[in-house]
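Each remark here refers to the structure printed beneath this line.
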């Protein structure tokens, strides 16, 4: 292969065919590293794209300069007999580089930090006359100026920020080196060689997969673009392989654990494959801005055969419902083995898988949930809700939407492409919503820039700004074609933005990192700044004030348990001395969490008379049979109550979303919770419904405790309990979790989890 490449690109190897000088023949020590070029491509011809980490070409074992004189045996010179990489989990290389958790028997190091290797020769190494160096190669067309061919010289002292190898031990026939990588080098899987210089050219070790070395981003290195200076944050945002994702409704926040599993067998190779699939040039894979942007495009399959197919229509034929996944491992491994997109995902699944991708490569990352998240389709930084003259929402004119919640990711990095102060957390979103530079992706957008309204900076800052800080504008579309702004709600969007707290499973409120407090002058100034940078409001919403009515209305929905009847209570309060009569209307809808309505399951109208300075309550019973047959993925019910006061013609309107309380899965264990010891896991589920559940799948996962598993039950009859037992043998000590989910034809989003403390195996 190497000869074929040389024939195709002869100028690439022009220097290596040059005859050595007489000086070099006489004294091999004077043969400097720089005098003998790397096996690299240069010159005027175009080099083929180098965009696959998996593609390889072997470097030649001999690069001789001219003919070797008769009688000269190259084996008389320094020859490599063995290379030791100290790559076991307990070796200092993996412990010092925080890579000992990876279930991978190759050497894994982080860039910008020293690691150790040992080279055994056929005779003692004499630094006065012997010359050698280590070489790292990635991809099929290595070039030194692209960082895909890295010659590592042996130096007296290591220099910060540069590749180098220092001899720290020279005994018998072995040399131990302290190797330092560049904090800017490509992230990926490198092939390693040792090259020895002779008076007649280079002798190089053969390709050996056992010496392959993974180099990752390094949040522990101050010179790395992803450096994070807080140890607890590094533990959480890089090394924690189990997370918590928040969902539900702003007033009924739910949470579920998610197995990121970034250290599981095969996941690191899959993350590199994702970049190969994107045909990302290897030379850009050391830049976290580019890596995160490519990742945000590739985690969804919208336009590039990426990891996950999204589905929001409640139809999951030929795939797995989004709510059934317990973590990222099954999804990524299935994608790698099938080389086709996995079905199906929604925003929290995209965010969970993207978090695995980022943490696995060493980029600090976390999952964010934004409650009442705006999807600004027309990019005018406001949510335009168009109403018919009778008060109903016009589905024809209303293109913007407000999601009950939306999940995305944040990745930590410097932003040298932006003004000072806009580094740190960057919003990156892999849920396919809007096209960005020709692909469905979003970010990285500086969170700090979003907060201050500086949406002119790349990437996709206006879209993120609208998600958290746009105004909700109600507009009446009159029959004569005119539009009238009825009301502006400046506090509805981005009501609460949260992530998992550091070191615990609780919720951390990070709303203030995205926006100033509602109503403050700074918050309005940020909006004005954003509008100044290119977004233009189509309607004048200044000074819109809704006149207050003498009557107020509110309503409450009692705790709604799946499969049970519940009540909606509407309360009217007359604050005047007048007598009023009211015509009211309640509408109950099954909605997707994206705010899109699927089915109206409840309609009820009623009249009430309100005496002066009095209040009145109206209870409406919602029966289980009315909503059960229409339920969607997450059991969201949306109620809309409108009332018209006949005497004043005032219209009152209120809306609320609730999430049904769904039964849980129970997980129990028996046996010693210890590394290497068998433990029995029991999963139990009781069907609380009055109907039989069909095609029931239970998924079970526990990173470091057991591989992801699934089991099918053809049916579960009402009030019947099913059990499933699995034997596992934990291999990671410390705090662990078992996570289970259940899905069926008519019931989904059923979860259960169990915290475990796995003990280390006692030493003999």
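Heads up, the Cβ atoms here are built off N, Cα and C, so glycines get one too.
Annotation comment: TrEMBL describes 13-55 as region 'Disordered'.
Marked as compositional bias 'Basic and acidic residues' by TrEMBL: 13-33.
The domain 'Transglutaminase-like' annotation in TrEMBL covers 339-432.
Taking a C-beta cut-off of under 8 Å and a sequence gap of six or more, residue 347 (active site) has these contacts in its own chain: 403, 406, 407, 408, 431. Under the heading active site, TrEMBL lists 347 (among others).
Within 10 Å of the Cβ of residue 406 (active site) there are 26 other Cβ atoms, across all protein chains. For 406 (among others), the entry in TrEMBL reads active site.
According to TrEMBL, the feature active site maps to 429 (among others). Around the Cβ of residue 429 (active site), the same chain contributes 296, 350, 351, 408, 409, 441, 442, 443, 464, each under 8 angstroms and 6 or more positions distant in sequence.
The feature Ca(2+) binding site is assigned by TrEMBL to 469, 471, 518, 523. The Cβ of residue 523 (Ca(2+) binding site) lies under 8 Å from the Cβ of 469, 515, 516, 517, each of these being in the same chain and 6 or more residues away along the sequence.
In this view, the densest Cβ surroundings among the binding-site residues 471, 518 belong to 471, judged by other Cβ atoms lying within 10 Å. The local packing around residue 469 (Ca(2+) binding site), expressed as other Cβ atoms within 10 Å of its Cβ over all shown chains, amounts to 23. Per-class residue totals from DSSP over the domain 'Transglutaminase-like' (339-432), listed helix then strand then coil: 15 helix, 41 strand, 38 coil. If you take every residue in the domain 'Transglutaminase-like' (339-432) and average the pLDDT, you get 89.
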